[in-house]
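Below is one structure, written out as structure tokens; the observations come after it.
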Amino acid sequence: MHATTSRRGRRTVAAVAGSAVLALFASACTGSSESGGNDDSASGKDVTITFWHGWSQDNEVKAINDTIAAFEKAHPNIHVKPVGNVADDKVNQALRAGGDDAPDVVSSFTTNNVGMFCSTKAFIDLKPLLQKSGIDAARTFPAAMLNYTQFQGNQCSLPLLGDAYGLYYNKKAFAAAGITAPPKTFGEFADDARKLTVADGDSYKQLGFMPLYHGYESTTEHFLGQYGATYFGADGKSNIATDPKVAAMLSWQKGLVDQLGGYAKLDKYRATFGEEFSAKNPFQTGQVAMAIDGEWRTASLADNKPDFDWATAPFPVPDDQAAAYGRGYQTGTIVGIASTSKKQAAAWEFVKFLTTDTDAVVNFANAIHNVPSTFDALNSPKLVSDPNFKTFLDVAKNPNSGTTPASVNGGGYIVSLQNLGYDVESGKQPDVQAGLAATARQIDTDIAQAK
Amino acid sequence: MSLAFGTRKGPGTGATDPAAPSTQHLLRRKRRREAARTLAFLSPWLIGFGVFFVYPLVSTAYFSFTQYNGFGSPTFNGLKNWNYVLDELPTFWQGLRNTVWLVLVMVTLRVAFGLGIGLLITRVKTGAGFFRTVFYLPYLAPPVAATVAFAFLLNPGTGPLNHLLGELGLPQPGWFADPNWSKPALTLLAMWGIGDLMVIFMASLLDVPKEQYEAAELDGAGPFQRFRYVTLPNVSPIIMFAVVTGVIQTMQYYTQAIVAGKVASGIAGNSGQQFEPGFPQGSTWTLPQMVYNLGFQRFNYGAACVVALVLFAISMAVTSILLRRRSGFMSSDD
């Protein structure tokens, strides 16, 4: 009886475990089909294209719908069916499967998948279409934005508004500490951060700056944007161990952590922070006097009206790169055309309008408070801006601004570097160079495996 | 009886009976019909087993030997994925260690706590319904909501628990923000949602014959001996059930670990940010998270399938061992 029961038990367990495996891997795989470039839309035939995007908030949905309406007015025979609030997982499934319900045009909030979209040809290369339309990409889009929308020469996506990062500072705290201007170099920045720090027992009443990598936007890639790191060499292999800028950044951040009280004390203080995207953001509550953040914070600060004056400036740069002051990290939303689309001519007209029509880009940027993604839009008089927002427009225009390049395995290499950063800041990895060498090896192994 | 069994003339033995071949034929037809009927009754299960178990398992095994990123066609790459996961990916072993820790500690404590609460509630004379409800309700909380609530309660800087510990002059752990405390914090969360096991144990405990306790008492058995020699043998099949299902569930531990890490890390994962699963310092990184990360974030389906197969093999091995050793846990008449 025991043996029978055991067999039954094993079968039950096998079924349960098998279901678990299924739940993890039930995704079917089908190859992507070839493109369908000629949809007769150019000859005036009515064509309806499907556009998947991730915007979900009322003002965002209204803004994108207004942009679509402007496009349809300019192209009466092309109709756009928008599908909002679509996550990247669903996008990937749809691009794999194709079919009538699959999107023709897709936008994504993350640049992580660009390497995969380009290398697998899930998105078509837009370079021939740009050339055919007489658009010089280098003269149209800022360099960093062009960089994160292509992979190894394949321009399979284009920027659709962007995010730029800069310094936010509390003017009231600056005045109290006797600081008259925002810092421009890391040396000045460290001095100011110390002056702005007000102790409260074994914690802080006010911290000058939260340097920990979990301090919201204080990430390795955002700091490296100030150094101009490139992440990969010409051979496509990780250069973080050979590029001295990366080691310099890790050491600079660790030094700042130690100067401001050490990892344990800072991490405990970090745990008291409210939600990043809420009125409890530590900069808005006055818990930190300076922060690195994106342009979107200008809108939330204007809405939440903290009880102090604030201003923005480019984030400081390393002392030995003072001439590069004004640069910053950039990222943003991307848009591309599915290779499974049978209506690529109409889809291109739509993508071209979304990404290069100056009025469309400016109106959309004004509506959702993002940075425009073309030079013409960045310089447009119609762009609503004030001195605080202008900081981010200037960062976007700065040719020295940087980004994180696309990779075949998404943001895996950034996570590997970030993990090293956590080990360095906490003291778990005291040898920065050895840590970088091991991380570079791991990044190369991961990418080789994914190819 | 044995004589009659061995010597009687009947179907299948009567070679000289002229009617025998047709009887044999009829019998075979009857057996075939019975087999077909049995198969028909089993078919829903067989179809489900084939579609939901055999096909995914075979597919997973196949993909583990291929290079596949979800687009195009998979290409055979031999043992490359296996070598990568087992030899070149240190986070695999970190995930395995964390998963094994959770299986050993979380399952053990959940079963012990569930049995303990069940024992206490079956002994409560008044207000049993109230306590049953109080202990069962947390089980109904959605895992994400429960984890977020725990992350706030256990926030090392602002959480009420640490505030209370501070008032009492006790150490204030970092909980989800401290690599040494993150797994114990997840275990606390799992024990809080003990309602499922409590109900099962209560039903089992209430089913123990009272006469056995009375007989044990007459023989001079104390409370511990009554538990050891009466209660435990009676509830051992339920303990085995709780352990086996607990092991399988914990091998698939995903939601609570990733939500706790995300809330405690403060990384919202917006544009320009990379969320690092396993916060802090990989201490909550489990193999199911790795399957998702490799497959759907790094587009390496082959390697993800290897991790899934390893998980499956461990689940099967642990369960088989438990079931084989089951007799040691079971009452003698089971």
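Think of each number as a place in line: the chain as shown, counted from 1.
Just so it is clear, glycine is given a Cβ too, placed from its N, Cα and C backbone atoms.
Keep in mind that this is a model prediction, so the values were computed, not measured.
As written in TrEMBL, here are the features:
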- B:96-322: domain 'ABC transmembrane type-1' (DOMAIN)
- B:1-27: region 'Disordered' (REGION)
- B:38-58: transmembrane segment (TRANSMEM)
- B:100-122: transmembrane segment (TRANSMEM)
- B:134-154: transmembrane segment (TRANSMEM)
- B:185-206: transmembrane segment (TRANSMEM)
- B:227-248: transmembrane segment (TRANSMEM)
- B:301-323: transmembrane segment (TRANSMEM)
Same-chain residues at least 6 beyond the ends of the transmembrane segment (B:301-323) whose Cβ lies under 8 Å from its Cβ atoms: 57, 60-61, 63-70, 74, 77, 80-82, 84-86, 89, 92, 95-96, 99, 103, 240, 243-244, 247-248, 251-252, 287-288, 290-292, 294-295
Residue numbers, six or more beyond the limits of the transmembrane segment (B:185-206), whose CB comes under 8 Å of its CB atoms: 102, 105-106, 109-111, 113-115, 117-119, 121-122, 132, 135-141, 146-147, 150, 154, 173, 175-176, 231, 234-235, 237-238, 241-242, 256-257, 260, 284
Spatial neighbours of the transmembrane segment (B:100-122) far in sequence, C-beta under 8 Å, 6+ residues away: 128, 131-132, 135, 183-184, 186-187, 190-191, 194, 196-198, 200-202, 204-206, 227, 231, 235, 239, 242-243, 246-247, 250-251, 253, 286, 318
